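Q: OK, TrEMBL features for this one:
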| type | residues | note |
| --- | --- | --- |
| ACT_SITE | 61 | active site, proton donor |
| BINDING | 59, 84, 93 | Zn(2+) binding site |
| BINDING | 163, 179, 205, 209, 232, 307, 308, 309, 310, 311, 312, 313 | NADP(+) binding site |
| BINDING | 177, 193, 213, 216, 305 | substrate binding site |
| DOMAIN | 10-132 | domain 'CMP/dCMP-type deaminase' |
Ligand code: AOF
Ligand code: ZN
């Protein structure tokens, strides 16, 4: 695929930025599809805007073309991902752009989906449309990260959210943990939930906190993602809040295959979806297999909210792509519970590495965002 970086204008950049901003509207809502944004511009004026709709369809381009109507003739389309070339529930976006008479298409990144993978761009070019690829590609890769990981690695992107004290503790010696951070950081945490496809916790946290794991921000209640529990031996109580309202917001429990049949049936009768994972050589449930199973079920973005053991296992397997670390302006001391339980690290060069991408004040607390260094 040819990439062209040199001749993009400041206007091109601004329009692609707008398309990326539109794309983010679909995050957490359109898995397994990517959240894509599209802006149509004619004679310097925006004539159409679109983004991937909840459930993954219609695609961004279809929405923008419908918005623009006849004005799309001769327009430039800015799309954050290569337009599709396959016939899904709707005809390919590449064909729709051709039929609408679009003159130029600027694409941020190619689509690695084997049904597309360059064919969308080729189709546009064959129809005589000018296609330029690579504008704001790094930004687009971040917005599309969940989808890209699922297609290329078979697992969703993993965001680990932690709320600790300044000295990295998640609870006191007596396991008191509510609340470490203040209301601002907590509401941001709910916002994070809304842009992920699933929230995942370990069984330790499910037992300790009996959490609801829904998005409870005013106006965003409908955006509660799937709730997933890593529970190798089915210890999640049938009376837990998660199990009790599994029919309202889906609950998936990843567990070792071959568990007690009666217990399995009891969960299923409550509407809980069991995901069977084969044990590794030590009889344990391997997290890469859990994530692969979530990927196979179409998840692209998973938010892990604890606890210390699940965090440690993810770090150990180097499966944390993003860290959202809320640091409360409190000190608990070394006898408090550490954010990640020990994972047997001996040498510093074996530690997973991250780079700081953002720091914000969150009320009295601090929010730090990190990305894994590949
Ligand atoms: C686009 N624009 O907004 C999105 C695209 O199951 P389907 O038919 O909806 O196709 C899903 C595939 O389409 C998905 O895997 C990805 O390759 C592409 N997603 N393409 O042109 C969009 N969301
Ligand atoms: Zn499409």
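Quick reminder: no glycine exception, Cβ is built from N, Cα and C everywhere.
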Q: List the binding-site residues 59, 84, 93, 213, 308 whose Cβ sits under 6 Å from any atom of ligand 1, in sequence order.
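A: Near ligand 1, sequence order: 59, 84, 93.
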Q: Near residue 61 (active site, proton donor), which of the binding-site residues 93, 163, 205, 213 can be found within 10 Å, Cα to Cα?
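A: Close binding-site residues: 93.
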Q: Cβ under 6 Å from an atom of ligand 2: which of these binding-site residues qualify? The list is 59, 84, 93, 308, 312.
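A: Close enough to ligand 2 are 59, 84, 93.
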Q: Taking DSSP three-state, what's residue 216 (substrate binding site) in: helix, strand or coil?
A: coil
Q: May I have the DSSP-based helix, strand and coil counts for the residues of the domain 'CMP/dCMP-type deaminase' (10-132)?
A: 46 helix, 28 strand, 49 coil
Q: Near residue 232 (NADP(+) binding site), how many other Cβ atoms are within 10 Å of its Cβ?
A: 18
Q: Quick one: pull the CA-CA distance for residue 312 (NADP(+) binding site) versus residue 305 (substrate binding site), whole Å only.
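A: Taking the Cα atoms only, residue 312 (NADP(+) binding site) lies 12 Å from residue 305 (substrate binding site).
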Q: When you measure from the Cβ of residue 84 (Zn(2+) binding site), which residues in the chain that are at least 6 apart have a Cβ under 8 Å away?
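A: Result: 59, 92, 93, 94, 111, 113, 115, 116, 120.
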Q: Report, as a single number, how many Cβ atoms besides its own are within 10 Å of the Cβ of residue 93 (Zn(2+) binding site).
A: 31
